[in-house]
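Participant: One structure coming up, written as C-alpha cells, with questions to follow.
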C-alpha cells in the first residue's frame, strides 16, 4: 500500500516541449514531498499493527472480520494520497486521508478492547500477568497517538492546511520524540519508583517499547523491493505494447520493427531493475551481519525504502526522455538523486550500527573484523557512483545519457570485482605499513649503534 502511492507521482504527465525544471517545481516536487510523508505514516501504522498482534496471538471470527475491515481502509489510502498529491491546496484530499487514518486506529483499538475482554486470545505472558490493565493502556497509547494527530489534521484541514501537514508530520516523529523526552526525563529526574520500574521491565521483556525485530525489518524491506521491481514491468506492459492498427499501417505488419521504437524504454527498464536488485543485494548483505536493529536503524531503513519506492519515477523519467530533449539531463539527474539517497541511507544504517557494534553487529563486521572493509566498500559504492554520475552530467551535459547508462552497466561488474579489489587494497596497505614499521625499527637500531656506549 505504501508503495502504490508512488504511482500518481510516476505517472505525472510531462510534455516533451515542457521544461522539466518548471514541471518539478509545479508538479513533481509537491507530489514527492506528500509521497514521502504518507509513506512514512503508513509505515508507522504498520509498526502499530505489528505491536497489536504481539499482544493478541489467537484470532476468532470477530477479530478476523475487524482486521479485514482495517485492511480494506488501508488499501484505500493510495486513492486518498492521489487526491492529496493532485490537489495539495484543496482540503478534501488531506481530510479524507486523515479520516481513513483515524478509522484504522479506531478499528485497531476495538481489536485491543475485544482481545482483553477475551483473555484467552492474548499472549501467554499477558494472560498470566497481574498487570493486564497496564498492557491494555500501553498498547492503546501506541495505537491511538497517531490517529489523534490525524483527527486534529482533519479538523484543521478546513481552516489552515499547512498546520494539517505539520500534524501529519508529527505522526512520523512522535514515537522518536517521546523516546527522547523519556530519556531526558530519566537523566534529569533519575530512577523511577519501584512500581514503574516493574512495569518497565515487563514492557521491555515483551518488546512493546523496544524496536521492531530484525526479522520484521527484513521481511518488510524484502516486500518493498519485490513490489518496486514488479511495478516496473507493469509500466512496460501498459505503455510499450504497440497498437495492432499502427503496426499494420505504419510498419506493414512487422512487429519487430514496431518494437524497435521502444528500445530506450526496455533499456531503462533493465537498468532500473538492475539498480533495484543490487540495492536489495546490498541491503541483504548488510542485515546478514546485523544482529539487532535499533530504533534509529529502523528509521533510516524506512527512509531508504521510501526512496527505493521512488525508483519507478526514475524509470518513467529516463524512459520518457531517452531521446535528446530539454528534459534529458534533468531526468537523469533526478534518477541519480533518488539512487543516491536510497543508498546513502543504507550506508547510514551501517555507520549507526557501528556506534553500538557489540549489540548490533556480528564480530566479522565490526572494526577489525574480516568483513568490515568489504562491507564498507560495498555500501559506499552506489552513493559514490550515483553522486559522481550526477556531477559528470552537470559538467558533460552532451554525454549525460552515455554516462548514466555506463553507470548502470559498470556497477554490476564493480560488485563482482569489489572483493578482489578490497583484498588487493588491504594487502597493499598492510605491505606499506609493514615497510614503514621496518624502516622505523632500522632507524632506531642505527641510532642505538651510533649513540655513545654507556659505561
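Every residue gets a Cβ built from N, Cα and C, even glycine.
Curation plays no part in TrEMBL annotations; they are all automatic predictions.
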Participant: Can you say which of 2-21, 62-81 is given as transmembrane segment in TrEMBL?
Facilitator: 62-81
Participant: According to TrEMBL, which listed range is transmembrane segment: 231-255, 331-355?
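Facilitator: Of 231-255, 331-355, TrEMBL gives transmembrane segment for 331-355.
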Participant: With pairs 6 or more apart in sequence, are the transmembrane segment (296-315) and the transmembrane segment (93-117) linked by at least 3 Cβ pairs under 8 Å?
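Facilitator: They are not in contact.
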Participant: Under 8 angstroms, Cβ to Cβ: which one of 32-50, 266-289, 331-355, 376-396 has the largest number of such pairs with the transmembrane segment (93-117)?
Facilitator: 32-50
Participant: So if I exclude everything within five residues of the ends of the transmembrane segment (32-50), which remaining residues of that chain have a CB under 8 angstroms from its CBs? That is, six or more out.
Facilitator: 1-3, 5-6, 9, 70, 74, 77, 81, 84-85, 88, 97, 101, 104-105, 108, 142-143, 146, 165, 168-169, 171-172, 175, 212, 216, 220, 302-303, 305-306, 309-310, 313
Participant: For the transmembrane segment (376-396) and the transmembrane segment (266-289), does the number of C-beta pairs under 8 Å, pairs 6 or more apart in sequence, reach 3 or more?
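Facilitator: Answer yes: the transmembrane segment (376-396) meets the transmembrane segment (266-289) with 3 or more Cβ pairs below 8 Å.
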Participant: For the transmembrane segment (331-355), could you work out the same-chain residues 6 or more beyond its ends whose Cβ comes under 8 Å from its Cβ atoms?
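Facilitator: Non-local partners: 20, 24, 275, 279, 282-283, 286, 290, 294, 296-297, 300-301, 303-304, 307-308, 310-311, 313-314, 317-318, 320-321, 361, 366-367, 375-376, 379-380, 382-383, 386-387, 389-390, 393-394, 400-401, 403-404.
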